[in-house]
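Novice: The annotation active site is assigned in TrEMBL to Lys11, Asp128. The feature domain 'GHMP kinase N-terminal' is assigned by TrEMBL to 68-130. Summarising the annotation, TrEMBL assigns ATP binding site to Pro90, Ala91, Ala92, Ala93, Gly94, Ile95, Gly96, Gly97, Gly98, Ser99, Ser100. Residues or ranges marked as domain 'GHMP kinase C-terminal' by TrEMBL: 204-263.
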Amino acid sequence: MSITKVFAPAKVNLTLHVTGQRRDGYHLLDSLVVFADVGDRITVMPAEANRLEVIGPRAAGVPTDGTNLVARAADLFGVPVHIVLSKHLPAAAGIGGGSSDAAATILALSDLIGDTRLPEGVSELGADVRVCLMRQAARMRGIGEDVAPCPGLPPLFAILANPGVDVPTPEVFKALEDKQNPPMPKRIPQGMKAGAFIDWLATQRNDLEAPAIARSPVIRDVLDALADLPGARLARMSGSGATCFALFETEDAARAGASALAQAKPEWWVEAAKLS
Ligand SMILES: C[C@](O)(CO)[C@H](O)COP(=O)(O)OP(=O)(O)OC[C@H]1O[C@@H](n2ccc(N)nc2=O)[C@H](O)[C@@H]1O
Ligand SMILES: Nc1ncnc2c1ncn2[C@@H]1O[C@H](COP(=O)(O)OP(=O)(O)OP(=O)(O)O)[C@@H](O)[C@H]1O
C-alpha cells in the first residue's frame, strides 16, 4: 500500500427543485449537479492506527474527531489509515464540502486496498455523497440516491461566493413552505453553447433559495453583488446555501469579476471556477 492523493471538488447545484417530501421527512429532489475545479485535498496513507489531520486555509471549526465525514467514510473500510484533509472550501456552505471529502476518501481507500466495490453504509454518510462519487455532471433525484450522468453540457465559467455564515441544511429544508414543486423537464438540453445553456438554466430554480434568504438575509446581498458584475448571466444559490454562484460566458469575465468582488468584499470567500 502507498500514499494516495484525491481532489475533492466543490459540488454546485445549478438547479435544485424540491418536488415532494417522504414520510421520514427527507425531501425529494430534482437537481442538476456539476463540479468545480476548486476543492479540498485528501491524502491517505497506511498506518498502524487511525489518525486524521485537518489543515489548510478553511480548517478552522472543521471537526478533527470521528464525526468528520472523512473519518466516517474511512471507518467503512475497517483498515487503519492516516488521513490529511486540506480544507479549501467553506463548511456548511451548500457546496458539499463534507460529502465531497467523504467521496474522495472512499475513492482513495478503494484505490489503496485495490477493491473498487463500494462498502456498505455509503448512503448513510449523506445525501450528496453518491453524486460526489460520480465527480461529473449529473442529474440527481430521489433524496439524492438516484444519480445519472448528464453528458453534453458546455463547460461553464463561474464565480463562487460565500459570505461566511454557516447554513445548516436541515433548518433550510424545514423552513421551505411549499414542498411540492415541478421537476425539471424530462430532457435536459445537450450540445448547447454556454450562452444558450445559461438562458435555459435561468428558466429553472433553486427552491431552497427563498427559505435560506429568510434565515440568512445576507444571501440576498451575495446574489445581488454577483448579478451586478459585468458579464454575469445568472446568479443563483447552490444547495442549501449560503454559497452562491454567477455564470459567465468567458473565463476572462469570471476571473475579472472574482477579483473585483474579492476586493469589494474582503470578508467573503470568493473563487473563480470552471464547472463541468
Ligand atoms: C441540499 C443538498 O445539498 C442538495 O445537493 C443535499 O440534498 C443535502 O445533502 P447533505 O448535506 O449530504 O445532506 P444530509 O447530511 O444527508 O442531510 C442533512 C439534512 O438535510 C435534510 N435533507 C437532506 C436531503 C434530502 N433529500 N432531504 C432532506 O430533507 C434532512 O433534514 C437531513 O437530516
Ligand atoms: N470533512 C468535513 N468538512 C466540512 N465539514 C464537515 C466535515 N465533516 C463533518 N463536517 C461537519 O458537517 C457540517 C456540514 O458541512 P458540509 O461542508 O458538509 O456542508 P453542507 O452545506 O451540508 O454541504 P451540502 O452542500 O452537501 O449541503 C459542518 O458544519 C461540520 O461540522
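Placement of Cβ uses the backbone N, Cα and C atoms for every residue, glycine included.
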Novice: Going by DSSP, is Gly98 (ATP binding site) part of a helix, a strand, or coil?
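Specialist: Going by the DSSP assignment, Gly98 (ATP binding site) falls within a helical segment, counted as helix.
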Novice: Would you mind pulling the DSSP three-state label for Pro90 (ATP binding site)?
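Specialist: SS state of Pro90 (ATP binding site) = coil.
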Novice: Note the Cβ centroid of Pro90, Ala91, Ala92, Ala93, Gly94, Ile95, Gly96, Gly97, Gly98, Ser99, Ser100, the recorded ATP site, then list each other residue of that chain whose Cβ lies within 8 Å of it, in sequence.
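Specialist: Sorted by sequence, the hits are Ala10, Lys11, Leu89, Gly239, Thr243.
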Novice: Mind running the binding-site residues Pro90, Ala92, Gly98, Ser100 against ligand 1 and keeping the ones whose CB falls under 6 Å of it?
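Specialist: With ligand 1 as the reference and 6 Å as the Cβ limit, the list is empty: none.
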Novice: What is the number of other Cβ atoms found within 10 Å of the Cβ of Lys11 (active site)?
Specialist: 28
Novice: Calculate the distance in Å between the alpha carbons (Cα) of Gly96 (ATP binding site) and Lys11 (active site), and round it to a whole number.
Specialist: 5
Novice: May I have the DSSP-based helix, strand and coil counts for the residues of the domain 'GHMP kinase C-terminal' (204-263)?
Specialist: 30 helix, 10 strand, 20 coil
Novice: Around Pro90 (ATP binding site), how many other C-beta atoms are within 10 angstroms of its C-beta?
Specialist: 24
Novice: As a test of reading the model: what is the averaged pLDDT for the domain 'GHMP kinase N-terminal' (68-130)?
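Specialist: Mean pLDDT across the domain 'GHMP kinase N-terminal' (68-130) comes out at 96.
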Novice: Suppose we draw a 10 Å sphere around the Cβ of Asp128 (active site). How many other Cβ atoms does it contain, all chains included?
Specialist: 26
Novice: According to DSSP, which of helix, strand or coil covers Lys11 (active site)?
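Specialist: In the DSSP reduction, Lys11 (active site) maps to strand.
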Novice: Measuring Cα to Cα, how far is Asp128 (active site) from Ser100 (ATP binding site) in Å?
Specialist: 8
